[in-house]
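Taken verbatim from TrEMBL:
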- 33-397: domain 'MRNA cap 0 methyltransferase' (DOMAIN)
- Asn42, Asn43: mRNA binding site (BINDING)
- Lys46, Cys73, Asp95, Asp127, Gln148, Tyr153: S-adenosyl-L-methionine binding site (BINDING)
- Lys76: site 'mRNA cap binding' (SITE)
- Lys82: site 'mRNA cap binding' (SITE)
- Arg107: site 'mRNA cap binding' (SITE)
- His152: site 'mRNA cap binding' (SITE)
- Glu269: site 'mRNA cap binding' (SITE)
- Tyr389: site 'mRNA cap binding' (SITE)
Amino acid sequence: MSTTEANSSHVINFYDRVARSPTRNSLIHRDQTRILYLRNFNNWIKSIFISEYLDKCRSRFRTNRISNALDLCCGKGGDQYKWALGAVNHVTFIDISSGSVDVCKSRYQQLCRRRYRLYTADFHVADCTKDLTETVFRDRVYDLISCQFSFHYAFESLTQARNFLKNVSSCLRNGGFYIATIPNAYELVRRANVAYKSLQTQANTDSTTEPSSISFGNSVYSVNIPSTSFSIRQLDAGSDDKSVRPYLQFPLFGARYEFHLEGAVDCPEFLVYPPLLNHLAAEQGLFPVTDPIPFQEYFYEMLSNRTSSSEDPFELLTKMKALECWPNPSCSCDNDWQDDDDRRPKLVGSAEADAYAHVEQWVEKADDPKCCPFLGTLSKAEWDVVTLYSLVAFQKR
């Protein structure tokens with residue numbers, strides 16, 4: 001079995017196990033997980049992003065309803081309700097994991113029973129990094145194609161990345177949009193170099209000997225990069241300083257790292273270099289609508305410009321419980337709950353030092369923080385994960 005086949009098998013087996021796990025699929029488990037608000041926040045990002053591009057499609061094609069949408073690497077169908085709210089006539093769901101597709105079908109059937117009018121749907125088990133233009137996507141045309149938190153798997157090799165983008169372009173309508181979430185390669189590489197520098201400092205040496213791996217993370221996530229995924233290069237410190245500083249360099253394809261997210265993900269993933277992505281996309285007639293947008297920037301942008309989408313970002317943020325309620329001790333109103341263990345909100349990061357130091361600092365600097373008994377936030381550990389992802393969007397011309 002080749003390395004590529006082994007990685008695909010690992011991904012399939014992992015997501016099949018997750019899909020068939022009663023514990024992982026229970027609402028009780030979901031509400032008790034350490035990353036509850038991180039999950040909700042990521043869901044909020046996806047909801048606003050998908051809504052924004054459904055609006056762009058309606059404007060581009062001058063229609064009130066989107067004819068066809070494609071949910072690539074759909075997983076268990078977590079975005080089905082988003083399509084239902086988006087006035088879409090038909091959605092195709094496709095994933096490499098048969099277990100995930102089974103759950104996706106079941107969720108669709110449940111949604112059909114709850115909603116009088118719902119899009120029609122078809123479901124497929126297939127590897128989107130293989131050429132599907134003459135099978136699954138033959139004679140198909142979609143207005144909008146979405147791939148959330150999975151596109152990076154295609155960057156294991158040039159062939160896989162090209163196949164994936166060829167599949168997208170082959171069935172995307174001219175003027176249609178392809179949207180995706182990808183790891184923020186720049187931030188991942190930055191953190192990897194910080195971790196590498198720390199290793200050097202601990203060893204008290206400037207040796208360029210390659211470590212067996214580079215690791216970093218916090219209480220909810222970890223990244224481990226094997227030495228096969230990077231090399232050590234020398235960077236001139238400057239014309240007035242003849243010393244050199246070693247740094248990590250990664251290949252364009254196959255820059256593998258092991259990503260673990262508490263209770264959610266434990267799989268090999270791959271870096272996506274944005275200029276390379278743009279080049280490969282252009283080969284297929286797909287051109288970027290904007291530069292990659294880090295999650296945190298999109299969050300601030302959407303809350304600052306609440307008219308950019310048919311969904312009100314702030315209202316949805318509250319409805320989806322995408323932020324945790326941090327009790328403000330400076331609140332001047334009745335705050336008897338502060339001394340009542342049963343009434344005081346249980347913070348998911350309460351056992352971690354400085355998990356909410358950023359909120360405490362904000363309260364200290366705020367002009368009048370006493371008027372708000374609760375402040376919406378995420379723990380620092382969760383925010384560190386949020387900032388590992390970016391949004392990309394392409395239009396077919």
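Backbone N, Cα and C atoms are what each Cβ position is placed from, and that goes for glycine too.
Annotations in TrEMBL come from automatic prediction, not curation.
Here the features listed in TrEMBL are placed on the structure.
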{"residue": "Asn42", "record": "mRNA binding site", "contacts (Cβ under 8 Å, 6+ apart)": "Phe149, Phe295, Val386, Tyr389"}
{"residue": "Lys46", "record": "S-adenosyl-L-methionine binding site", "contacts (Cβ under 8 Å, 6+ apart)": "Asp79, Lys82, Gln148, Thr181"}
{"residue": "Arg107", "record": "site 'mRNA cap binding'", "contacts (Cβ under 8 Å, 6+ apart)": "Lys76, Gly77, Gln80"}
{"residue": "His152", "record": "site 'mRNA cap binding'", "contacts (Cβ under 8 Å, 6+ apart)": "Ile182, Pro183, Glu269, Phe270, Leu271, Val272"}
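Spacing of Asp127 (S-adenosyl-L-methionine binding site) relative to Asn43 (mRNA binding site) is 24 Å (Cα to Cα, whole number). Reduced to three states, the DSSP call for Asn43 (mRNA binding site) is helix.
Reduced to three states, the DSSP call for Asp95 (S-adenosyl-L-methionine binding site) is strand. Of all the recorded positions listed (Cys73, Lys82, Asp95, Asp127, Glu269), Asp127 has the fewest other CB atoms within 10 A of its CB. Among the binding-site residues Asn43, Gln148, the residue whose Cβ has the fewest other Cβ atoms within 10 Å is Asn43. Neighbour count (other Cβ atoms within 10 Å of the Cβ, all protein chains): 23 for Lys76 (site 'mRNA cap binding').
The 10 Å shell around the Cβ of Tyr389 (site 'mRNA cap binding') contains 23 further Cβ atoms across the protein chains shown.
There are 24 other CB atoms within 10 A of the CB of Tyr153 (S-adenosyl-L-methionine binding site), with all protein chains counted.
Taking the Cα atom of each, Asn43 (mRNA binding site) and Tyr153 (S-adenosyl-L-methionine binding site) are about 20 angstrom apart.
Note on the domain 'MRNA cap 0 methyltransferase' (33-397): mean pLDDT across this stretch is 90.
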